Amino acid sequence: MSKNLQQRHFLGYLCVFLAAASWGTGGVYVTHLTNLGASSFMTGFVEHFFAVPMLGLAILFSQGAAGFRISKRGLIYSVIMGMITKGCFKMAYDNTIATVGMSTGAVLLYTAPVFVAVMSRFIFKEYLHTRHYVALALNIIGVVLMVTLGDFNNLNLQPIGIALGLTAAFLYASNTVMAKIAGGADNALTMAFYTLFFSALIQSFTAQPWTAANRALFTQSSFLFWAVMKAFVTGAFANLLFLNGLSMDIDASKAPVVGSVEVIVATLMGVILFSEAINIVGVAGIFLIILSIYIMNRRDGDLTEIS
């Protein structure tokens, strides 16, 4: 592999890493928005609703009106990603949490790397070596340990909740695959703009921002502050980085493992800002996730590439 290609891949994985770390801060904004009276549907909606004009302004300043032009292929992928792998994912995951709780929902969601690995094998012909399977297993075990802190009594295994959680995981995985397929079809900034536009559109039907109670939220300066912050960090910034990273020819099967840093950031934010508990089991989970990221991206001889 040429040095330039190695640098391109490194930047791609770095973008995915930073995007996931940004998503990991989402719990902070959700906590504040929920305390102000916003439903889980509204917190998801405002993230993409306010991110759209931010991305629009970025396009205007960097590319002018021409930056809004998008190819037919790019528009199709934007609609699919926005409405299905973003919008429907958020609705499925919100309902998962409402049904089985945060811990079980997080565990189910992070089966996504397995879905990505299977889809990448058939769609991109990415072959996984033994160490990649080890990394996937360590990643899932790490997430389970960190989320549950070793107390498996908190897991809620209702069939409907499991079905919703696995649906959310599949949609989460599909977003990675679709973003890689879209690749360089259009500028990442343009793709992010249209993707989040269609996501906000589909989420509006469940969030119902036009109701009196939700309209009242938009009159609160504190609500607007946290909504705009969430939109910038976890909406505009994170999605732009993620799409840009996947356009750099990185392996789709590696992306969700690298992206699991989101769980670490979310946990540490909870511990630092909200005094949430963590024990030695949770720390072990963090270690396993970091180890899985290292193993998945380690280069050694002929096993360097997934091809």
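Using the three backbone atoms N, Cα and C, a Cβ is placed for every residue, glycine included.
Summarising the annotation, TrEMBL assigns domain 'EamA' to 11-147, 160-297. Positions annotated as transmembrane segment by TrEMBL: 12-30, 50-68, 75-93, 105-124, 133-150, 156-173, 185-203, 223-243, 255-274, 280-297.
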Using DSSP, how many residues of the domain 'EamA' (11-147) fall into helix, strand and coil, respectively? 119 helix, 0 strand, 18 coil
So, do the transmembrane segment (255-274) and the transmembrane segment (223-243) meet, by the test of 3 or more Cβ pairs under 8 Å (sequence gap 6 or more)? no
Tally of DSSP helical, extended and coil residues in the domain 'EamA' (160-297): 112 helix, 0 strand, 26 coil
Can the transmembrane segment (12-30) be said to touch the transmembrane segment (105-124) if we require at least 3 CB pairs below 8 Å and skip pairs under 6 apart in sequence? no
Outside the transmembrane segment (133-150), six or more residues from its ends: residues with CB under 8 Å to it: 103, 106-107, 110-111, 113-114, 117, 257, 260, 263-264, 267, 277-279, 281-282, 284-289, 291-293, 295-296
Check the transmembrane segment (185-203) against each of 50-68, 105-124, 156-173, 223-243, 280-297 and return whichever range has the most CB pairs under 8 Å. 50-68
Any chance the transmembrane segment (75-93) and the transmembrane segment (156-173) are in contact, meaning at least three CB pairs closer than 8 A with a sequence separation of 6+? yes
Hey, does the transmembrane segment (105-124) touch the transmembrane segment (156-173), meaning at least 3 C-beta pairs closer than 8 angstroms, sequence gap 6 or more? yes
Remote residues contacting the transmembrane segment (50-68) - C-beta distance under 8 A, at least 6 residues beyond either end: 187, 189-190, 192-193, 196-197, 200, 227-228, 230-232, 235-236, 239-240
